[in-house]
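Structure in structure tokens, see below.
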Amino acid sequence: MSVKAKIGPSILNADLANLGAESKKLLDNGADYLHLDVMDGNFVPNLTFGHPMVKSLRNKIKTAFFETHMMVQNPEQWISPMADAGVNLYTFHIEPVDDVYKVSRLVQEAGMQVGLAIKPGTKVADLEKYISIADVVLVMTVEPGFGGQSFMADMMPKVEWLRQNYPNLDIEVDGGVGPKTIECCAKSGANMIVSGTAVVGATDQRQVIKDMRDVVQSYLK
Ligand code: DX5
Ligand code: ZN
């Protein structure tokens, strides 16, 4: 199998006034990428930050891989400013989008990788026709909108199905993932792991990141 275990901390529940330092600390402690949760108060009932903040972060952190998780009603609107802000992977929800092919093509033309996300209520079958254009598929394991929610184990059949049918696909899980739930995700075949509260709040971030990556990698072999 060619996919690798990667841990991408979500900085949603970090100290956002110290985003640069918090992000650097996570990367120094072994994070493989940063998962940046962008919310518009419309697609989800919460508001976070947009491209100006991502751009400021990129000015401080030149080389790390940035994913933006676009929990927004109109992802097409933010493609160009996010590309300009130095985003590597632009993950958007398929639910509010009429033409997923078109938005994906625009993301690629802007020089970013394409991530396609589904909420807990969205069937994996609704995503299937787009998999060939996706670099990453994100299966949400909480309702998007807030950090610190409980992991939904009943989302694992989606991950299992994807892994069985697409052995080389990057499959990401997001929401309530930490040392207690990592085994479940790993066993199901997820290889890109978003973890917010469990990593950011850990006394030993390095250990938590390493332990989770080891568990995931052990199931990929
Ligand atoms: C939820 C976000 C997640 C989440 C992760 O809408 O997309 O990235 O905040 O945080 P934890 O791991 O605390 O659920
Ligand atoms: Zn997220």
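Cβ atoms are placed via backbone N, Cα and C, with glycine included.
According to TrEMBL, the protein has these features:
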type	residues	note
BINDING	SER10, HIS69, GLY145, PHE146, GLY147, GLY148, GLY176, GLY196, THR197	substrate binding site
BINDING	HIS35, ASP37, HIS69, ASP174	divalent metal cation binding site
ACT_SITE	ASP37	active site, proton acceptor
ACT_SITE	ASP174	active site, proton donor
Please report the three-state DSSP label of GLY176 (substrate binding site).
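Going by the DSSP assignment, GLY176 (substrate binding site) belongs to neither helix nor strand, so it counts as coil.
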Given the recorded substrate site (SER10, HIS69, GLY145, PHE146, GLY147, GLY148, GLY176, GLY196, THR197), which additional residues of the same chain have their Cβ within 8 Å of the Cβ centre, ordered by sequence?
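Residues close to the substrate site, other than SER10, HIS69, GLY145, PHE146, GLY147, GLY148, GLY176, GLY196, THR197: LEU12, ASN13, ASP37, VAL142, GLN149, ASP174, GLY175.
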For the binding-site residues SER10, THR197, work out the Cβ neighbour count at 10 Å and name the residue with the minimum.
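Lowest Cβ count within 10 Å among the binding-site residues (SER10, THR197) is THR197.
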Just name the winner among GLY145, GLY147, GLY176 (the binding-site residues) by count of other CB atoms within 10 A of its CB.
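Selected residue: GLY176.
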What does the structure give for the C-alpha distance between GLY176 (substrate binding site) and HIS69 (divalent metal cation binding site)? Integer Å is fine.
16
Measuring CB to CB from HIS69 (divalent metal cation binding site), give everything in the same chain under 8 Å that is also at least six residues away in sequence.
SER10, HIS35, LEU36, ASP37, VAL38, THR91, GLY115, ALA117, LEU138, PRO144, ASP174, VAL194
